[in-house]
Amino acid sequence: MVELVKVDEDIWEVPQSYKPDMKVPGRIFLSDKLIKDLEDGSIEQVANVATLPGIQKYAMAMPDAHIGYGFPIGGVAAFDLDTGVISPGGVGFDINCGVRLLKSDLKVEDIRKDADNLIERLYHNVPSGLGSESKLRVSDTVLNEVFEKGARWAVENGYGVKADLEHCEENGEMKGANFAKVSKKAHERGRSQLGTLGSGNHFLEIQYVEKIYDEQVAKAFGLEEGKVTVMIHCGSRGAGHQICTDYIKVLEKASRKYGIKLYDRQLACAPLSSEEAKDYISAMAAAANYAWANRQVISHWVRETFNDYYKSEIKMDLLYDVAHNVAKFEEHDINGKRVKVCVHRKGATRAFAPGREEVPVAFRNVGQPVIIPGSMGSASYVLVGTQKAMETTFGSTCHGAGRVMSRHAAKKEVRGSEIKKELLEMGIIVKAPKDSAIAEEAPEVYKDIDDVIEVVHRLGISKKVARLVPIAVAKG
DNA sequence: ATGTTC
């Protein structure tokens, strides 16, 4: 196993000499404390990614990194448009898994007594769990619209307001999506799941702003200490999963066809200029749009639930919606030149600096809101994108706490009923379909979110704005 | 993450 070289505080390098075909070195952003939890396999995966054609600067891993399919989760890699590739493994199975944060005007002390009832209703109104089906049934024609318009489809059909769209990455609508590139099977899986949370670490959480770190940015984001927020963490469900599965096969063939040497079969990819890559990109965009529509529909039901419960219109503005599993075409400064590259972020969040045109006008002078969900029962964070991120990580940061124990191991090691009790003693209500779902997501199977955030803050690849603490959580 | 096995 390769020795990591510490090049600076919180920065570790996988030397380019480790594998003969590495085009660039690897960079892993980790504190001395967190490096103990880093699996050897993650380092190997970073090195493997560095062998792919056209990769720029470094193959990177954020402090929440762990082993994933081909690329590590927490991985960032940018590829040159002429010489580089795109890989479904660099995006992930849950295409455009992401997080959004709704801001209410309610105060934490006013809502405590209602939390039990509220989460019960939210749990009822937003279907969750493995294979969960929506109360919304869409026709083929409508589903195609969802694939191509994303959150805009939802807003145009009464699920939310126009302002919501301005507060999503890509306005909740990735261009270039083509439903014709989505298989029949993916269509079928998508039809019944629009407006569902899913399972695993996906959740819907009532929280409050416990602490503000940056008054000026918090003000620009409209965050106030003691105010209630709602966080929604989910993705593209079975549709995105099927699209990923379908295109891994296509790109495995393409890898052979174009003679790309793969250190790991899971790195299947195709040159960005190829037909296979273009098809995957069109389908990936469709999945991304499905995920945005999904989070938008869920947001609408959350608003409805609160309004109905309090018998009045509760302010529930969208702060922002981030995608942490997607590949995007962006301009970055590389070797003194501004070039367009394809940035893969898999379990990594865009953290764009002030001034970037991708950042909504309302936040353009402070930077992009970065929303980082904690594990169940732990804090979540709002951060802000920085120039340092642009220079160091192609404008990227971490996406969460990151696992330290597999789902399988967690189910054996941890008792869900115990966790539920412990959380309740801490004042956190958990609603889940079964106790084993709670065990898989227990706080102790994740790294400490505060440690992960400390690293990205100290590195400056995003800066702390606010810490959010859970009150009640509904999960799949 | 996922109708957890083409």
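A Cβ is built for glycine as well, from the same backbone N, Cα and C atoms used for every other residue.
The active site, GMP-histidine intermediate feature in TrEMBL is assigned to A:HIS399. Residues or ranges marked as Mn(2+) 1 binding site by TrEMBL: A:ASP94, A:HIS202. Under the heading GMP binding site, TrEMBL lists A:201-205, A:324-325, A:373-376, A:SER380, A:399-402, A:LYS475. The Mn(2+) 2 binding site annotation in TrEMBL covers A:HIS233, A:HIS324.
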- Starting from A:HIS324 (Mn(2+) 2 binding site), work out which of the recorded positions listed here (A:ASN201, A:HIS202, A:SER375, A:HIS399, A:GLY402) have their Cα within 10 Å, and give them in sequence order. A:HIS399
- Mind telling me which of the binding-site residues A:HIS202, A:HIS233, A:HIS324 has the densest Cβ neighbourhood, counting other Cβ atoms within 10 Å? A:HIS324
- Local Cβ density at A:HIS399 (active site, GMP-histidine intermediate) - other Cβ atoms counted within 10 Å: 29
- Task: Give the distance between the Cα atoms of A:HIS233 (Mn(2+) 2 binding site) and A:HIS202 (Mn(2+) 1 binding site), rounded to the nearest whole Å.
- Result: 5
- Item | Spatial neighbours of A:LEU204 (GMP binding site) that are distant in sequence (at least 6 apart) but have CB under 8 A | A:LEU122, A:TYR123, A:VAL126, A:SER128, A:LEU197, A:VAL230, A:MET231, A:ILE232, A:HIS233, A:ILE298, A:VAL302, A:VAL473, A:ALA474, A:LYS475
- Task: Let me know how many other Cβ atoms fall within 10 Å of the Cβ of A:GLY402 (GMP binding site).
- Result: 27
- Item | For A:ASN325 (GMP binding site): DSSP state (helix, strand, coil) | strand
- Note on the structure: recorded positions A:ASN325, A:SER375, A:HIS399, A:GLY402 vs A:HIS202 (Mn(2+) 1 binding site), shortest C-alpha separation belongs to A:SER375
- Within 10 Å of the Cβ of A:ASP94 (Mn(2+) 1 binding site), how many other Cβ atoms can be counted across all chains shown? 23
